[in-house]
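Beneath this line is the structure, given in structure tokens, with notes to follow.
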Amino acid sequence: MAFFQLGLRRAAVQLSRPSVFCARAAFKVSHQQSPASTILKLVSQARHTQSRNYATQKVQESPLSKLATDIAKPASSDKSEKKSSFPETSSKSVAYWLLASAASVFGIVIFGGLTRLTESGLSITEWRPVTGSLWPGSQEEWESEFEKYRASPEFKMLNSTMNLHEFKQIYFMEWTHRLWGRFIGMSFVLPTIYFIARRRVTPRMACTLVGISALIGFQGFIGWWMVKSGLKDDLFAPGSHPRVSQYRLAAHLATAFVCYSWMLLAGLSILRTHKAIKFPEQAVKNFTALQSPALRVLRGSVAALTVLIFTTVLSGALVAGLDAGLIYNEFPMMGNGLAPPKSELLDKFYSRHEDGSDLVWRNMLENPSLVQLDHRILAITTFTAVCALVAYSRSGKVKAALPPAARKGITGLLHLVSLQVALGISTLIYMVPIPLAAAHQAGALALLTGVLVAGQRLRIPKATLAMAQRRLAQLAQQAKT
């Protein structure tokens, strides 16, 4: 019996503490039993305890694996923090800043038109992005600027009798236009850096702001590229009126319109998202209504109308660049008919190839008579398209499915296009007076604004819809609790 007790004590030392306790307890309880049965029970309990401890050790991590896990956890949490460092929605202050920037671009477009109408755009003959923002402060500096202008074709052919006082007037117009452009660039680029650095915008909006900033810089380059075309004799036909290239003028105006539209839509999208989150039930209802198949054709028609209006604007830029509004100052007639003679519309004078392969497109872009006729056709087509769109929006299923905000946007287009047609005809009949011409250019941008707003109200932003649905589910959950 002493031999068995000695063996059991050695086994107890090798087992874990709980096993020792169980072995001793079992031995005390069963010391009255036979030695063989006692040994079998103790061995069975020892095996069971070892298997249980082995399973526990298998589940538990080793020290190295535990250290690796601890090191990986902060990295994964940092990664999640990086992913969530940008907000889900952009700040409303960003939206107001974008709309203010769009208003500033609207203003500079109108002032740029005034600069062109007063023939002030060629008064500054150099492009100095930094030092050019300084106003000439001494008589010597004024004489230097005036001497540079005297070397330009415009002075030699049109303003040879201009004195220094008259030069200061046109210089002020162009200098203000350029300074305004610099202000728009600085007031957009610097806040863009701030909003992105402070994580006040979503990643997508951050890319939008960077894209607009790049477009503003590109617009400054196009502006000088346009002015440069009126400073050299070899860039326009000999003996013709010194003016900037109508192609470059159209590119300059188109870039300004794109920049304005981009700012406007970005700002409106942020405000729309915040409104949807604030009133999720109404937002989900409106978005559900916009998903109606009856509005599919209307949505596509508004997109096509946007392209048509933008094309008409570019046609107007060609009219302005060629001074085509100074001929055929009557409406709807052009001379003895609704259109000039074919020989005048397709004049071989504008063709540069002997085979006449460029006859049609060069007349469409360089012949003042055909350019004005094209603009008339596009303007009448735009007016007709808007009227048809408004009539379609008030028909049957479309009227029933159209949300009130979208209906108001489409109705507003009819008012804007009517005003724009009246301004255009008045500008033509009165031979392009400066106030009417500037108002006509403003009307074009206002009409584009109207169609963009209408299209934005018809669009279904999936991300905004998802956020509104989540917000609505949260409110429903809070109501239950």
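Including glycine, each Cβ sits where the backbone N, Cα and C put it.
Per TrEMBL, the features are as follows:
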- 52-63: compositional bias 'Polar residues' (COMPBIAS)
- 76-85: compositional bias 'Basic and acidic residues' (COMPBIAS)
- 52-86: region 'Disordered' (REGION)
- 94-114: transmembrane segment (TRANSMEM)
- 179-197: transmembrane segment (TRANSMEM)
- 209-227: transmembrane segment (TRANSMEM)
- 247-271: transmembrane segment (TRANSMEM)
- 302-328: transmembrane segment (TRANSMEM)
- 373-392: transmembrane segment (TRANSMEM)
- 413-432: transmembrane segment (TRANSMEM)
- 438-455: transmembrane segment (TRANSMEM)
Query raised in the report: Okay, the transmembrane segment (247-271) and the transmembrane segment (209-227): do they have at least three CB pairs under 8 Å, pairs separated by 6 or more?
Result: yes
Report task. Sort out the residues at least 6 away from either end of the transmembrane segment (413-432), same chain, that have Cβ-Cβ distances under 8 Å to it, and list them. Result -> 117, 305, 325-326, 328-331, 379, 382-383, 386-387, 389-390, 439-440, 443-444, 446-447, 450-451, 454
Query raised in the report: Short question: which residues 6 or more past the ends of the transmembrane segment (247-271) have a Cβ under 8 Å from it?
Result: 89-92, 94-99, 101-102, 105-106, 108-109, 112, 116, 205, 208-209, 211-212, 215-216, 218-219, 222-223, 225-226, 229, 310, 313-314, 317-318, 320-321, 365, 445, 448-449, 452-453, 456, 461, 464
